[in-house]
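First the structure, in the form of structure tokens, and then the observations on it.
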Amino acid sequence: MMITLRKLPLAVAVAAGVMSAQALAVDFHGYARSGIGWTGSGGEQQCFKATGAQSKYRLGNECETYAELKLGQELWKEGDKSFYFDTNVAYSVNQEDDWESTSPAFREANIQGKNLIDWLPGSTLWAGKRFYQRHDVHMIDFYYWDISGPGAGLENVDLGFGKLSLAATRNSESGGSYTFSSDDTKKYAAKTANDVFDIRLAGLETNPGGVLELGVDYGRANPQDDYRLEDGASKDGWMWTGEHTQSIWGGFNKFVVQYATDAMTSWNSGHSQGTSIDNNGSMIRVLDHGAMDFNDDWGLMYVAMYQELDLDSKNGSTWYTVGVRPMYKWTPIMSTQLEIGYDNVKSQRTSENNNQYKITLAQQWQAGNSVWSRPAIRIFATYAKWDENWGYSNTSGLQTKDSSGSGAFTSSRGDDSEVTFGAQMEVWW
């Protein structure tokens, strides 16, 4: 009995140690940015984006506090088989006060099971809400291939010459479908589901240091029983993507070609809006972007893109953008960055153009000497000059020429310029 009692504290200590180790196994990842800024003409920091463009050059041009907080843990592992639970809660506020309340967005909650299928080694079976294999241009915060949402799939199936991924995800539109009530009046659904089915083949070796990824997405509206879509709704659509990635100069270059039709043209990224009656048409995008660390002194990010959205409603546009962000590294933790970006958006309906130049100079302290090193604290000054001749009508939402020159009746910003300055932190981990 004495021996047993003496062993008891040791057993308790071992058990506590095991429990502590399990608790420490929780993975904490995320992203956040926040800061303070001012506008030269007075007031808080303004941010600048060309009307009709889908993104903006972000250095010294972000006016919100935004964060994504991810918690995950491997819940079970036996040999090479495992289950991993992943979550993500995101929020955004306007950087106006100490206390700013907001409703957080539950962006991810999924289980990923690796090597569960013996005859498909290396594959991952997953289900739940997820950021699914997103492709983006960091310097303009632009996601050009993104079907994220609730879904399920099987990814990274090794075919020998490449890896195959299959997925189905969903996003919903407000209203969009209707039925008839007892008095023959239309009763609209609160939401109408849109389903996207995604097939990708990645890791196709094309040349030394170069790989190709090919994908096709089909999206369609899926109204509930006894509900129908409005006349003229696009109902469904396709998007095809080809992306070549080249390892070069301590970084990468990505060349992308995409083509989308009808319901897949609304977001131009892989989300479907099949209940819409104004998105029949097509989209073509040609994109080249990259990021490189040439040596201990210089780094670079860049983007060039052409996108043409041709809609039957004549509410499409032609958008092209080009920008560079060179980085000079004074020390391993201090650098200077200069971002120069230009956007031009031509209205399909009015044939008028909106354009904007934006230049930012930033002094930065970061955890390392790479263009990707974070955390970072930067002080910045931004100059933006724009000349806009069309906007979206405040009443109809259609593109219209801005005759007021001040955007009084449209979203046009007229012809003007502005200077902002401030400080910002950015971190991912």
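Residue numbering: from 1, along the chain as shown.
Just so it is clear, glycine is given a Cβ too, placed from its N, Cα and C backbone atoms.
According to Swiss-Prot:
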- 397-412: compositional bias 'Polar residues' (COMPBIAS)
- 397-416: region 'Disordered' (REGION)
- 1-25: signal peptide (SIGNAL)
- Tyr31: site 'Greasy slide, important in sugar transport' (SITE)
- Tyr66: site 'Greasy slide, important in sugar transport' (SITE)
- Trp99: site 'Greasy slide, important in sugar transport' (SITE)
- Tyr143: site 'Important in sugar transport' (SITE)
- Phe252: site 'Greasy slide, important in sugar transport' (SITE)
- Trp372: site 'Greasy slide, important in sugar transport' (SITE)
- Trp428: site 'Greasy slide, important in sugar transport' (SITE)
Trp428 (site 'Greasy slide, important in sugar transport'), number of other Cβ atoms within 10 Å: 13
Same chain, 6+ residues apart, C-beta under 8 Å of the C-beta of Trp372 (site 'Greasy slide, important in sugar transport'), given in sequence order: Ala291
Three-class DSSP secondary structure - Trp99 (site 'Greasy slide, important in sugar transport'): coil
Minimum Cα separation from Trp428 (site 'Greasy slide, important in sugar transport'), reported as the residue among recorded sites Tyr66, Trp99, Phe252 that achieves it: Tyr66
Cα distance (Å, whole number) from Phe252 (site 'Greasy slide, important in sugar transport') to Tyr66 (site 'Greasy slide, important in sugar transport'): 27
Sparsest-packed of the listed recorded sites (Tyr66, Tyr143) - C-beta count within 10 angstroms: Tyr66
Lowest local Cβ density among Tyr31, Trp99, Phe252, which the record lists as recorded sites, within 10 Å: Trp99
For Tyr31 (site 'Greasy slide, important in sugar transport'), the one of Trp99, Tyr143, Phe252 that lies nearest, given that the recorded sites are compared by Cα: Tyr143
Three-class DSSP secondary structure - Trp372 (site 'Greasy slide, important in sugar transport'): coil
Phe252 (site 'Greasy slide, important in sugar transport') and Trp99 (site 'Greasy slide, important in sugar transport'), Cα-Cα, nearest whole angstrom: 41
Cα-to-Cα gap, Tyr143 (site 'Important in sugar transport') vs Phe252 (site 'Greasy slide, important in sugar transport'), nearest whole Å: 17
